[in-house]
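*Asks:* From TrEMBL, for reference:
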type	residues	note
SIGNAL	1-23	signal peptide
TRANSMEM	172-192	transmembrane segment
TRANSMEM	199-218	transmembrane segment
TRANSMEM	238-256	transmembrane segment
TRANSMEM	268-287	transmembrane segment
TRANSMEM	293-318	transmembrane segment
TRANSMEM	325-347	transmembrane segment
TRANSMEM	353-373	transmembrane segment
DOMAIN	421-552	domain 'GGDEF'
Amino acid sequence: MWRKGWAALLVLCAWLCAAPALAQALRVELLLSGGEAASPPVSASVLAVARAEAPADAAVLHPPYREGAYWLRLTTERPVQPAEGRVLVLDGAHAMGPVIYYPPAGAVRVVHESGQGGSGLLRRGWVLALPNGWPPGAVAYLRVGGAATEGVRLRFSDVSSLAREQRAQTRFFTAAFTGLMLMALGMLVIGVNFRERLYLSYGSYLVCLALYIMLLSGDAGEMRGLAWLNRAGRIGQWGLATLAVIIQLEFTRLFLELPQRLRHGARALRGLQWLHIALLATLLVGGRHVMGWYYLVGNTLLVLSVPLVLALAVWAWAKGATYAGYYLLGWGPLLAMVVLVAAHLLGVVNAPWAEQLLPVMAVLESGVLVMALSQHAANRHRLAVLARETVERDPLTGAMNAKAFHQLLESWQHLGVLGSKRYGLLLIDHDDLRQLNGRYGRAVGDAVLQQVLARIRGVLRPDDVVARLEADSFVVVTECDRKDCEQLAYRLSDVVGKRPLRIDGQAITATVSIGVAMSHPGDSVAMLLARAERALLSARIAGHGAVGHEPVRAPAPAME
């Protein structure tokens, strides 16, 4: 008895779980008849059948390519009440154009695609209303264009679900657009700073990609500055996509160092660029007259280009291209997704989710390559700094030379640093270098200079600047007040002259005279140096190892 009761309960549960699926089951038949007929065929053979069993499923058909149109017959296994607010959603290629819709209970109507005069509930596709529901045994018909290779997908939905989908997609696409534009701005700034096509090309590619994604989202018309591009419709979208491919090929050629490592590969990419340029020119000139075949040729060319690009990246990596590994890591998944989307549009595979994942893969790819390009820019800057320092360093002591020092102070003056902060300038002059050179030789004199500078550096802070001005003089610039700068000058004099220098086994005494001057608001570099030289002159008059000071400025008279 109990066993029969449990069995009955299990059967009831199974029936309740299956009931919603049965209630939502949608059957779509592709009819083998001339689509040019003005009304649905009374009798026709069925070429293909698709079913959507669950509420979230879609019935998918792949009609063969033809210049004419096809008729689709739609049936459902349970009636739909008008109060349920259900609608049919048709997804497919843009080339299908407006569709002729015979509702299951209603008058025939022409339905335009969303964004092209159709419902605003979708970003892409056709919303087929059911104002009178779906009476029992009723049949609906659709006449769709056949000049497309993308599959046709039909599913049930409702207004609230479509609104939620649109809000989620809006946030998703806006986040992707913002991220791409920020990365593009960074690359363009670096490119302008370095005057380098590598960064400029990638920044331009990111701009095109971000705009293309925003056009796909359907929100471009609501953004100031993009409405004009949105009005271009499919021409604008396809034109941006083709331009992005052209710029990306140029970036690939430069980033993989193909002109230096693989000249034939560089020529192959240049040829692909010209093919895409010709394709873009055809679109711009032909406009709507070429839209029937443009996307087919463009997607086919893109699918054929991807293996070549990946092969060149692997080859360049094997040849030792510095950043080819980053390219493969970033572009590999994205290019695979692009091929999947193109194959879906061509009807080779059924992957409607691939187009939704494309912005995610684009952002991830951009993040990887922006990181690589940032490292590239940092390395280039480091090399430039090293090259500049090699030119601007004194060959004997390694200190900054006089020319670089004057340029540094002039830049500080231009930026207002000398007037906004308190800087002390210490002119350091070796007292007896000429006598040492005459007595011990020039080599010993050079060694004395090197050891004196080493002792000076041992006292200074890391952010202090030291430079060699003339044969026997150095200069130090440090941020401090007058009292601290004077104490630093006495300490430098003491650390140089307190202990003899040991050179080739000989003890040599060295002393330095130091002149101290402080920066004042409104000072020029020449004024500051002139005051330091006057302070140094007073130190020389005082004798070896002395420290001279500029006269303290008298305070401004008080206002009566």
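Every residue, even glycine, has its Cβ placed from backbone N, Cα and C.
Set these features in their place in the structure for me.
*Replies:* Only residues 6 or more beyond the boundaries of the transmembrane segment (172-192), in the same chain, are considered here, and those with a CB under 8 A from a CB of the stretch are 198-204, 206-207, 209-210, 213-214, 216-217, 219, 359-360, 362-363, 366-367, 370, 373-374, 377.
Packing against the transmembrane segment (268-287) from elsewhere in the chain are residues 235, 238-239, 242-243, 245-246, 249-250, 252-253, 258, 294, 297-298, 301, 305, 308-309, 312: each is 6 or more residues past its ends and has a CB under 8 Å from a CB in it.
Note on the transmembrane segment (293-318): residues 93-95, 149, 238, 241-242, 245, 249, 252, 256-258, 261-262, 265, 268-269, 272, 275-276, 279, 282-283, 286, 324-325, 327-328, 331-332, 335, 338-339, 342-343, 345-346 of its chain, located 6 or more positions outside it, place their CB under 8 angstroms from a CB of the stretch.
Proximity of distant same-chain residues to the transmembrane segment (325-347), defined by a Cβ-Cβ separation under 8 Å and at least 6 residues beyond the stretch ends, is recorded for 62, 93, 149-151, 252, 255-256, 295-296, 299-300, 302-303, 306, 309-310, 313-314, 316-317, 354-355, 357-358, 361-362, 364-369, 371-372.
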*Asks:* Who are the chain neighbours of the transmembrane segment (353-373) in space, where the CB to CB distance is under 8 Å and they lie at least 6 residues beyond its ends?
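*Replies:* Residues 172-173, 176, 179-180, 183, 186-187, 190, 198-199, 202, 206, 209, 213, 216, 255, 323, 326-327, 329-331, 333-334, 337-338, 340-341, 344 contact the transmembrane segment (353-373) from elsewhere in the chain.
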*Asks:* Kindly state the mean pLDDT of the domain 'GGDEF' (421-552) in the predicted structure.
*Replies:* 87
*Asks:* When the domain 'GGDEF' (421-552) is classified with DSSP, how many of its residues are helical, how many are strand and how many are coil?
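*Replies:* Tallying H, G and I as helix, E and B as strand, the rest coil: 60 helix, 37 strand, 35 coil.
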